[in-house]
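Trainee: I am attaching a structure below and will ask some questions about it afterwards.
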Amino acid sequence: MRLFVAIDLPGYVREALSELNESLRGMRWIMSENFHLTLFFLDEVDDAVIEPVQEALRAIDVAPFFMPVKGLGCFPTKGDPTVLWAGLGNGHPHLFQLQHRITDALFSLGFDPGERAWQPHITLARCNGASSELVRQLMKRHVDFETAPVRVTEYCLYASQRRGTRRFYELIESFPLEERLKG
């Protein structure tokens, strides 16, 4: 089973992101119901690992926070773009704290976070085959893109399944954010 940990997005953010969809040749837009902010990608895992992952995620202690959704960017930043994404401005300290705690918890179970530094983003489209110039023009047209901040009160463990050419995400468990008093 292919798993990832993410923050789900409210309807108003999904709708605003969907309105950015411009039919540029060579771009494959993500279905709006699949918009999310990935905190950790576990990849393919055995079913026996799911319960320890859930237990580790249940133990994470971070207070709820507000997260901006603003600006567009692409990967790679130089050369031909392959991914168009929405950014999170400077984020929020609790967002980075949450991601670090998830990474530490899953690393202790043997999951490798990879070598690249985590760059928070919401993938909007795959750009393989799209004109670099057209993708960058789209980004310039929406340079001031911003939604109302998202109140983050939980994060989720998802399974990713492919059906034909599309991916569908199944919620395995959501984990409420709450700052527990240390005693």
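Each residue, glycine too, has its Cβ placed from N, Cα and C.
Annotations per TrEMBL:
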{"type": "ACT_SITE", "residues": "HIS36", "note": "active site, proton donor"}
{"type": "ACT_SITE", "residues": "HIS121", "note": "active site, proton acceptor"}
{"type": "DOMAIN", "residues": "8-85", "note": "domain 'Phosphoesterase HXTX'"}
{"type": "DOMAIN", "residues": "93-164", "note": "domain 'Phosphoesterase HXTX'"}
{"type": "MOTIF", "residues": "36-39", "note": "motif 'HXTX 1'"}
{"type": "MOTIF", "residues": "121-124", "note": "motif 'HXTX 2'"}
Trainee: May I ask for the distance between HIS36 (active site, proton donor) and the residue listed as 'active site, proton acceptor', taken between their Cα atoms and rounded to an integer number of Å?
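Mentor: HIS36 (active site, proton donor) to the residue listed as 'active site, proton acceptor', Cα-Cα distance: 9 Å.
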Trainee: Roughly where does the motif 'HXTX 1' (36-39) sit in mean pLDDT, to the nearest integer?
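Mentor: A mean pLDDT of 98 is what the model gives the motif 'HXTX 1' (36-39).
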Trainee: Using Cβ atoms only, which residues of the same chain lie under 8 Å from the residue listed as 'active site, proton acceptor' while being at least 6 residues apart in sequence?
Mentor: LEU37, GLY73, TRP85, ALA86, GLY87, LEU88
Trainee: By DSSP, how many residues in the domain 'Phosphoesterase HXTX' (8-85) are helix, how many strand, and how many coil?
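Mentor: The breakdown for the domain 'Phosphoesterase HXTX' (8-85) reads 23 helix, 23 strand, 32 coil.
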Trainee: Of the residues in the motif 'HXTX 2' (121-124), how many are helix, strand and coil by DSSP?
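Mentor: Residue counts for the motif 'HXTX 2' (121-124) by secondary structure: 0 helix, 3 strand, 1 coil.
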Trainee: Just to be sure I understand the packing, how many Cβ atoms besides its own are within 10 Å of the Cβ of HIS36 (active site, proton donor)?
Mentor: 20
Trainee: Going by DSSP assignments with H, G and I as helix and E and B as strand, what are the residue counts for the domain 'Phosphoesterase HXTX' (93-164)?
Mentor: 25 helix, 19 strand, 28 coil
